[in-house]
Structure formats: structure tokens, C-alpha cells
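Below is one structure, written out as C-alpha cells; the observations come after it.
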Amino acid sequence: MEVGLHGSKGRYLGDLMYLPLDYTVSDYVLRRRGAISFGSSTVFASTPRFERRGGISYDKQDETAIYVRMLDSLYLIPFIQYTHILDTHRTQMTSGDVRMKSKPDKSNEGKRKASISESDMKLLDKLSSRDNKRQWPSRFLSLHKRRQRRRPVASLSHQHVSLLDTQYQRQAECLLSNVGNWNFDIFSLDLLTCGRPLLHIALNIFRQYDLINTFSLDIMKVFQVFSLIEDGYHSTNPYHNAVHAADVTQAMHCYLQEKMLQGSIPKFEIMTSLVAAMSHDLDHPGVNQTFMIATANHLAALYKNTSVLENHHWRSCIALLQQSGVFNHFDKKTWEQVEWQLRSLILATDITRQQEFLSRFKKYLDDPNFDFRNNFEQRHFMLQIALKCADICNPCRDWPVSKLWSERVCDEFFRQGDYERQLQIPVTPLCDRHATTVAKIQAGFLQFVVAPLFQEWQRFLPTPLSSQMIKNVKLNLEQWQIIISDENKEKEILIAEQEINEQNEKSDVEDSAETVSLHVTDEEDDKVEDGRLPLTFAHLLDDQEDLSYNSSRRGSIRSLSPVREEPDSLLLEQRRHSMPPCCFQKEITNVTVHRDILPLTQYLRRRSLPTAMILHATSLERLTDKLSALASDRVTLQKKSTSMEDFLTRPKISNLSPSFETSRLASGLLVSSQPSSHGNTIRFLSKRRKSQTLPHSEDDDSDHGDSNESDFETVDDHTFPKEALVSRTQFSVPIITRETTHQSFNCLNNLEHGRVVNSIHEGLTNFHELNVKGNSPINKMPHVESTDFDSGLIPPDITKKVPNTVSPTSLSQ
Ligand SMILES: Nc1ncnc2c1ncn2[C@@H]1O[C@@H]2COP(=O)(O)O[C@H]2[C@H]1O
Ligand SMILES: [Zn+2]
């Protein structure tokens, strides 16, 4: 709906702004008029048409709406459909006046009551009290520092949209009538409900199972808790947002509707499964567990690096249920079951536990005594699997929808990679936009994660839906493979062009008088072949395909640069945040470079690059370009803080700025070293351990304010001035060998992929070995062992047979 400004004769003066009514109306409008009108706009035969639906008068003193007049049909979309209570009052809501001001004039109270029922008034009071949201306590305990930004498309004000815009509402109703269809279009629902897909889909599904009546739920509380859950998702996440939650809930509903399951799952378990689907990614920060650990997020410490996000989703869900009081009338035992089931279901969605669940699933299916209908444990496991399927079902949708999800999820991955790069921590391979592509990620995910799970699901439920899902996975995989082969063809062309260029450039170099010979003292050292750059620097080249994880560590460049041309405090500062240069100290070996013929001027010009790289003029020039681009990047970077706070636009769960723990974590990885300090050897690595902290603190800044090149050349500056170096015909520089670089990176890899620091508080050097297998992208994530809640699957007091219709009291018996 748009709010329009109308002149005295109903002349349309122009749009004010896009919805919600609690937006501040511009001063110039308020100065000119005592009221504004609103309506909905449509495009009819290519002509925009504005239909007047009502008006709002406001108090000029405090600029708050005081009176709303409805001219047209009005009904409350979320309620009319779902409750008999409001249904009976539907006609009374078709038109009328509502006083909106928080302290209503008593004389008007009677008038208001006369036209609106008590329950509708309750609703309107809720909707009109703008401060309600602010009065609620901070929803997630993890939220400090920065308050959640108000979402433009998903705040309580959306209830006004739904309240007023009947056209969208009818279309949404029509769409929702197909909610059990696998081809249901969740993105359209998002549009039609103005960013409230989860609220609407959940209310609709709850109504279908008659859960509100069955469990005597208070509709207001249900409405409130669903809104809270929806608001708990970050709309700024490309993938982990409320639309994903709505999508998973819809998929879960489709699975629960399967003929073989219908009538086999007690309503209580249906309800908990749906709530679990709705909340399974609640307050997701848009980065994965690895990132949380690497940045020493307090949640990682809180949950001991095990299912960090899933534990947080579950806890947040319970907090919202408690806050809304929706299950307050349940007795203790029933409430405990709600809590237990939600915990178990949500924790099962930890994708790093995929293999564990798949193996168990296969085992159940192979067991001739498998009887989920009469066995709570088996049934609960099936619900866990159903939720896991729903969570990763996006590749089982039709190609256009599936592709959209794939792009969104990869967008989120790549954003994480960008944050990692900016924080100068190792970039997760899956998240490195320079090292992989959407198509490659998807092909891997579909092949190694999705297909195996859904094949077993089809074995469990050989239904048309299962076949359709498998068929879609196959078709989508084919599409991604076509895209990959196109990408490969393009890459081959690029390589061919590049090789031709290099050939030409090589002959130019051979013509030049310059000769540089390199003598590597250690046979195992980095082999510099055919003028190619060492692997460590390979990522500076344009061709970044098939680069290993090591080569994508942009943050290491500065710390590897042995000679630098000009003092640059900015670069020094940046270098200090790279992670962690001291890793390399032990591994340094010497390379002797004879530079007899190189003219002084050329040498000086080239001092900005590692001497080991001065092999190929072309490479050198390209590197110079790259490095200056990098330097300018860093200038931009410095202007912004590299704090995580700046990257995540809505860091609700996490004050993601790396903390003291990060520096300890980094220092836990340091290799103690005794670098050689021969009289004529330059040591290029800073001595300052402090430089390992992420990100730099104010202290660091001030401390390094007077930094200059001498910080690099710490040992020999006083004994071996630079001028003297220049005039020498032979000197030694340390380089990082391929082998040693691998070792250092492996050290970081272990943190990133294989090992998780047991407990930040218990000691940073104590690593807990975790099981990492296979090549699938998911297997690159840390595997966590089963947690205590799964070992005893059946909660102590759960009854073997739960009736299909369970009232809170019967559950407690
Ligand atoms: N299409 C996809 N491509 C790659 N990874 C995916 C895709 N869909 C889901 N995932 C991953 O699978 C995970 C399942 O749990 P989450 O929703 O928390 O986060 C999801 C993503 O990390
Ligand atoms: Zn999910």
C-alpha cells in the first residue's frame, strides 16, 4: 500500500512513501495538512490507479496519528482465516473509525467500543501500540553493543499492511491454499505478505492441523510468538532469513502430509516439528560455526565449539516461547517435552553431523523390525531426518526456484569469505569467491550431500513426492554441470591467451641485459620453475582456478614481503593483523641471490618485491600492479574499521568483533622461532607478537603510529644500513619455502577445518581432534561428535504411545 497525499477535491498530489503507517510522515506534509489519506495502488491497463481506502488524522503537537477512518472493506488477514473468534466479527470490521493514540480520549472510548468487538479491540490495541516492540526485553541475550536495526519490511507495522491491503491478502490466501503442494512458491508469498511469509504460512498450517484448538492455544499469543520468530531472522542475510524458515516449514508440512505418515504422527509431535522447522535457524548471523570460532565469538565459547549455531537457534526459540507465554498453560512435564523435542530436532540440523544421521538412517531402514509408528524413538528420529531433508531441500525444487536458493546460499558463503579476507583470517575455501564458483559448490553439494540423503528418504517413503524430489536433484545437477563445463571452456580460452602473452613477454625479457641467478640453498625449498611464481604468491595472478587453500591466503602477503620500498605505516599496520606472521619464523631458509649485473636504479625500484620473485620481468610488473592495487585496497580498508561489527549489518547474536580471545587463539598457533641473524641477513618479520591480534586495537594504532620500515628490518638495521646493502653485490634474503608455508598454513587449517579449540578458557593450545573425511564441501566443515542429548534419545518421561489428539492435560498423565 502506498500513502498518498490528496488535495481538497480528492486530487492526488503524489505518493508520500512506501508504507508502513508508523513511518514518520515528512514535516512538509504535516505542516500543510491535518490529515493524510491512504489507499492501495494498482496498475490497471498499464495505468497506475490509486484507490482511497481511508484517512488518518493526527495530533499536530506530537505528530502521532489519532484517528484512522476506514472507508473500504477491512479485515484482519492473519486472524480472519484462522480463528472462529474473529470470524464472527468480520462484518463489524468492514468499515469504521479507530482511535490510535496511546492515551485515548475517554469520551471516544464508548464510540470505539460500540463499533468494534472486544477481541478486535484487543488486537487493535496491540497493533497500534507502537512501543510494544521496544518494551519487550532484548530478545536474545547474546545481543549487546549494537541494537538490531529495524527491518523495513518485517516489523509489526506489516500487520498494518496486511490489515489494510485486501488485494494482496486475497492473492496470498489463494497462494496459501496450495501450501501442501511441492511447487508452492515461497518467494511470491514473501511478496504478497510484505515480508511476513513465515507468520502467514505457519498460521495457515497450524489451522490445517487444528493445533490451536487441540492444544487450547491463545491466538494472540500464537500470533505474537510467530511474529517474534519471524523477526528473529535477519532479513539482511541472503539465505538464512525468514523466507528460508518459511520454506523449510512448508517442506516439513509436505513431508508430514505424505500418505505413509498421515495419521502416524501424534499432533503434539506435529506441532513441535513445525515449531522446530520455523525456528531451526533463528537469529542466524549469516556466517558459519567455523567463522564464529575463528573470530572467538562468545557463543562459540558458550557452546564449547559444538553445534554453536544450532544450540543458539534452539535456545532463542525457547526464549521466545517463554516470552510469549504461548505454552504457559502446559504443565511442567508437557513443557519439558516441548523443550526436549525442539532441542533434539533443531540440533539435528547441524549439517556437520550429516554423515552420522545418514548412517543411522540407513541402519534403521535395513532393520526389518523398524516400526516408527509404534516406536517413539524411531518416530522421533524420522522427524529429525524429515527436518534435515526440509532444511536442504532447495536443490529438490524446480530449477528456477532451486537456482535462486543456490545463488542466495553462495552469496552468503562469499560474503563470509569477504569478511574473512578483510579480517585477514584464513578464507574458508567454500566461501572464497576467487577460488570457486556457484556451480562448483552446487554440483558438490547436490552430489555429496543432497542426493545421498534423499535417496534414503525415497527408500523410506517411495512416494510420488520423493520421486519428484530425486528427479529435480538430477535435473538441477545436470544444469550445474553444464554451467561448469561452460566455465571450464572459458577458462581454457583465457589460459591459452595468457600463455601466448607470456611467450611474447618472455622473449622480450631474454633480450634485456638483466640477468639474475638464483641459488637455493635447500633442495626442499620452493622451486621456482619456468619463471612461474611460488605457490604462495600464485593468488596474485589472474588465473585463480584450482588454487589450493594455501594460495588463497591474501593476508599473508605482507608478512612474506621481504623488502619494502618505502616506509608505509599503513601497510605495516595492516600487516600486523595478518594471521599470524610468527608462524613463518621458524621455517625461514636463506636464498642467496647474485645481483652483480642489476643496475642500482633497477634494484631500488624492485626492492618492493621479494627478491625471490625477481625472476621474470612480466611477473614482476604484474605483481607490482597487483601489489599497488592491494595497497590501495588497504587504504580503503583502513578508512573503515576491520571490525566484524562493520561487516555484519545486523549482528544480533553476536558482537562479532574479534576479541582478546582471538589474539590468544592466534598466539596459541604461533611457532616459537629463533630466526637467524647473520651480519648480512635481513630479517623481515616483525618481532612484535602483539601484531597477531585481530583486529587492531586503539593501542596498536598508537603504538604503531611511528612505525616505519625499521620495524621490518629489526635485526640488522643498525649494523647493516640499507645504502650499504644496495652497494653490495651479494646478500641473503629469507624466503618462505613451499613446504614450510604448507606447514604454517596447515596449522591454520587445523583450526579452520579439522580441529576445534577445546575451550578458549581452558587453554588455547589444547586441541580437540575432530573427524574430517571426504571431499564434499560439507565434509570440509568440522565434524562434531554426538552430544549428550542424543545419547539417550528418549526423554525419561515420554510415553510410548502419544495419542493423535493430545490435550495439555492428557499429555501430562
Ligand atoms: N544449495 C545449497 N548449496 C550449498 N550449501 C547449501 C545449500 N543449501 C543448504 N546448504 C547448506 O546446508 C546447510 C543446512 O543447514 P543451514 O540451513 O544452517 O545451512 C545450510 C547451508 O550451509
Ligand atoms: Zn536451515
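Here the Cβ of each residue, glycine as well, is placed from N, Cα and C on the backbone.
Heads up, TrEMBL stuff is auto-annotated, nobody curated it.
Among the candidates HIS244, HIS253, HIS312, the residue that TrEMBL annotates alongside HIS280, ASP281, ASP391 as binding Zn(2+) 1 is HIS244.
Checking the binding-site residues ASN241, ALA242, VAL243, ASP391 against ligand 1, the ones with a C-beta less than 6 Å from an atom of that molecule are ASP391.
Taking a Cβ distance under 6 Å to any atom of ligand 2 as the criterion, the binding-site residues ASN241, ALA242, VAL243, GLN442 reduce to none.
Most other Cβ atoms within 10 A: among the binding-site residues ASP281, ASP391, that distinction falls to ASP281.
Within the same chain, residues at least 6 positions away in sequence whose Cβ sits under 8 Å from that of GLN442 (AMP binding site) are PRO395, SER406, CYS410, ASN476, LEU477, TRP480.
The Cβ of VAL243 (AMP binding site) lies under 8 Å from the Cβ of ILE186, PHE187, ASP190, PRO197, LEU198, each on the same chain and at least six residues away in sequence. Around HIS244 (AMP binding site), the same-chain residues at least 6 positions away in sequence with a Cβ under 8 Å from its Cβ are TYR233, ASP281.
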